[in-house]
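In what follows, a structure is listed as structure tokens, so that the remarks can point back to it.
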Amino acid sequence: MKSVVILCAMLALSECLVRVPLFKMKTIRETMQEKGLWEEFRKKYPSNPMAKFSSVPGTEPMTNNADLSYFGVISIGTPPQSFKVVFDTGSANLWVPSIYCNSAACGNHQTFDPTKSTTFVNEGTSLSIQYGTGSMTGFLGSDTVEVGGIQVPNQVFGLSQTEAQFMYYMQADGILGLAYASEAVDGVLPVFNNMVQQSLVPNSYFSVYLSRNSESGSEVVFGGYDPSHYNGQLNWIPVSSQAYWQISMDSITINGNVVACNGGCQAIVDTGTALIVGPDSDISNINNIVGATSSNNGEVSKELLKLTEIHFYAFFVIVSVYITYYSQYYGCTTGFENSFSNGIGTGLWILGDVFIRENYVAYFSI
């Protein structure tokens with residue numbers, strides 16, 4: 001069972017649970033490795049996990065996260081057209097491929113056909129999302145979006161017309177952003193905010209459970225949380241910046257000794273990042289302590305893993321993160337990645353899926 005972290009801007013309680021199952025699939029890294037393309041790709045496009053948090057007005061920067069593996073299914077239109085999407089708390093827009101896209105990445109994914117939906121409206125606005133390895137461009141439309149059995153009418157979303165090459169290897173079709181509305185491109189109201197505004201959910205919070213390894217049961221719950229996913233009490237952590245789900249951490253320790261975040265730091269709890277990302281020196285320090293060797297591209301390979309727990313201290317919350325991260329191609333690796341110092345603010349951390357798998361997380365909005 002897991003300990004609990006709750007990120008809150010306002011407290012609300014409800015027993016009403018609207019569940020969206022999440023499925024674990026092959027990552028971009030695994031797919032490209034199977035095809036013998038990964039080594040060349042990672043050298044040409046080094047990972048920059050902080051790119052998605054370096055936003056400028058009018059764009060939604062993201063990065064090619066090669067290790068994402070959790071996707072859920074939604075539908076758009078009347079009658080509904082189904083799509084696999086990443087539920088991403090590190091971005092705020094919903095977008096899916098469209099029939100107007102000629103990129104290779106759209107050829108092997110589900111595409112939305114607005115001519116087959118009686119409720120579609122073209123908003124007449126262009127959309128651009130920048131990636132570390134290219135971009136997604138398209139336009140905005142609105143339609144009925146169904147998420148976990150909830151129909152959200154008049155939801156504005158993106159329809160891609162071009163997509164970056166690396167997205168060809170992504171299992172999911174698109175992205176459903178769950179960050180704050182302030183981060184949405186073109187002032188679009190995010191899906192969850194629209195649910196709350198239209199009183200489609202009784203409370204303005206959602207929660208995320210990611211199962212370990214190949215276990216089933218991963219889910220996003222809108223309007224509530226599921227006590228069966230955790231032990232103990234809910235621990236409340238104020239959001240320090242209402243843009244992304246950012247919190248303050250006091251320190252990171254191993255065996256009671258501070259190994260990173262000395263004197264405090266900021267961290268973003270992000271379902272749209274696979275690993276735990278931190279400043280180069282801190283990540284190297286952690287990897288060295290547990291017997292790992294960092295490579296130049298931020299990956300970590302290990303011949304002999306020292307099984308241990310790392311404690312992230314956020315106010316009074318103590319959580320344990322098992323650092324083992326397995327790859328059939330690289331053997332045993334850690335779940336830590338360095339940020340290449342390209343993040344917003346010195347010392348920023350991203351607590352991604354490696355963290356969330358060990359800690360049930362609920363997100364409380366305003």
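Backbone N, Cα and C atoms are what each Cβ position is placed from, and that goes for glycine too.
As given in TrEMBL:
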type	residues	note
SIGNAL	1-16	signal peptide
DOMAIN	70-366	domain 'Peptidase A1'
ACT_SITE	D88	active site
DISULFID	C101-C106	disulfide bond
DISULFID	C261-C265	disulfide bond
ACT_SITE	D270	active site
Rounded inter-Cα distance in Å - C106 (disulfide bond), D88 (active site): 20
Closest of C101, C261, C265, D270 to D88 (active site), Cα positions, recorded positions only: D270
Other CB atoms, at most 10 A from the CB of C261 (disulfide bond): 23
Rounded to the nearest Å - Cα separation of C101 (disulfide bond) and D270 (active site): 29
Rounded distance in angstrom between the Cα atoms of D270 (active site) and C261 (disulfide bond): 18
Least Cβ-crowded entry, counting other Cβ within 10 Å, from the active-site residues listed as D88, D270: D88
